[in-house]
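The transmembrane segment annotation in TrEMBL covers 27-47, 59-78, 106-126, 138-158, 187-213, 225-242, 254-273, 280-302, 363-383.
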Amino acid sequence: MLSGQTADAFTTIFAGELIDRFGHFKLWHAGGSILVAISFSSVFGGCVPCKVLRTDSSVLETVGYSTFAAIFNVGWAVTQVSHMSMVNCITLNPTSRVALASCRNAFTMIANLSLYAIALAVFSAYNTMQSISIVIQYRWIAYLSIFIGCCFVCVFLLGTKEPELKKQIQCKNLSRISWAHWFKKVLYYQVAVVYMLTRLVTNVSQALLAFYVINDLEMNRSSKAVVPAIIYISSFIVSIILQETRWTSLRLKTFFTAGAILWVVSGAGIFVLPSKLHDIMYVLSIIIGVANALMTVTGISMESILVGEDLNGCAFVYGSLSFLDKLSCGLALYALESYQDAAGRTDMKLNNSMEVTHSVTRYGFGVFPAACALVSAVVTYTMDLPDTRSRPLNEPLLA
């Protein structure tokens, strides 16, 4: 995980610079998608170097999986930066940019839910075949996901055009914006911190969710799928609602702060929730889903406001901020997983004699995201975002 996140982090910097320099968002997106498909299938296909050299060395397995994880994240970084950069080059209308960001987040939730549907179909198909290895089942899930993903990539590449605004800038031969231009802006650092903390909240909580519901709350195995599904559905609904909202700088800050407060409340509930009241987790899942959508959509939209009309440097902004996101998430997950088995547990008795086990997972899933959300809300409050007029969409997205 750490090797992949590190490769992803450094690739985003170079990908952003190259995309700003040469353009062609769709070409970069296609190249990144090919790397993702090849490397992802190799990860679930087994240790390729071990098969070639015909050995079961654990060191070689680690090197092999780390290499393909790094290649996967390189491809993902190129795909993500090019796709996010297109938003600013499609329109200059701040409301439209937020609508596109919320639409992007909504379809991310659809993709996550689709993965559960694929898994359910595969598990159901192999349910009566006891001799089939679980490895084979997950391998089919991976292959089907790659196939469906490639189909939608083809739809995207064939059904969209290169943004006209980017072409106009290239035709005018405007000079490319240097990195120093962004480093001189206080707003750049504020947005960077907010985006990094937002990604820490969503990624770390998502990574530790299954451990929390099974080990700490002692819920049924099915909760590993039900609880994330509730979060994704809640995020999807909120993302759809946000698409039709007229946006100003003040409204962006207000909605982001509301999402951060909801995460602080959820984090507190997660930290003190005893296993006997684990059904409350379903309610907390709805709150988490709403909070994730509010913070993610408005956090990405703050990047759009930072970019403004400086389209010749937008990819670098997304790349450099993603660098902080990937590296911090990799280090955070590495640290939490390192302490997962080594740290001891302390028990606390509540007034009603219900026991709460304070594990590393409970701190990582509850306290850590809540603290990140709180700090991000404080930084957002100090921001001086440029005033943007609340302009409606030319055509409602849901019409």
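Here the Cβ of each residue, glycine as well, is placed from N, Cα and C on the backbone.
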Which residues of the chain, 6 or more past the ends of the transmembrane segment (280-302), have a CB below 8 A from one of its CBs?
84, 94, 97-98, 101-102, 104-105, 191, 194-195, 198, 201-202, 205, 213, 217, 219, 223, 226-228, 230-236, 238-239, 242, 247, 252-253, 255-256, 258-260, 262-263, 265-266, 269-270, 273, 373, 376, 380, 383, 385
Stretch with greatest number of CB pairs under 8 Å, the transmembrane segment (187-213) reference, 138-158, 254-273, 363-383 candidates:
363-383
Using a Cβ cut-off of under 8 Å, list the residues of the same chain at least 6 residues beyond the transmembrane segment (138-158) that approach it.
26, 29-30, 33, 36-37, 40-41, 43-45, 114-115, 118-119, 122
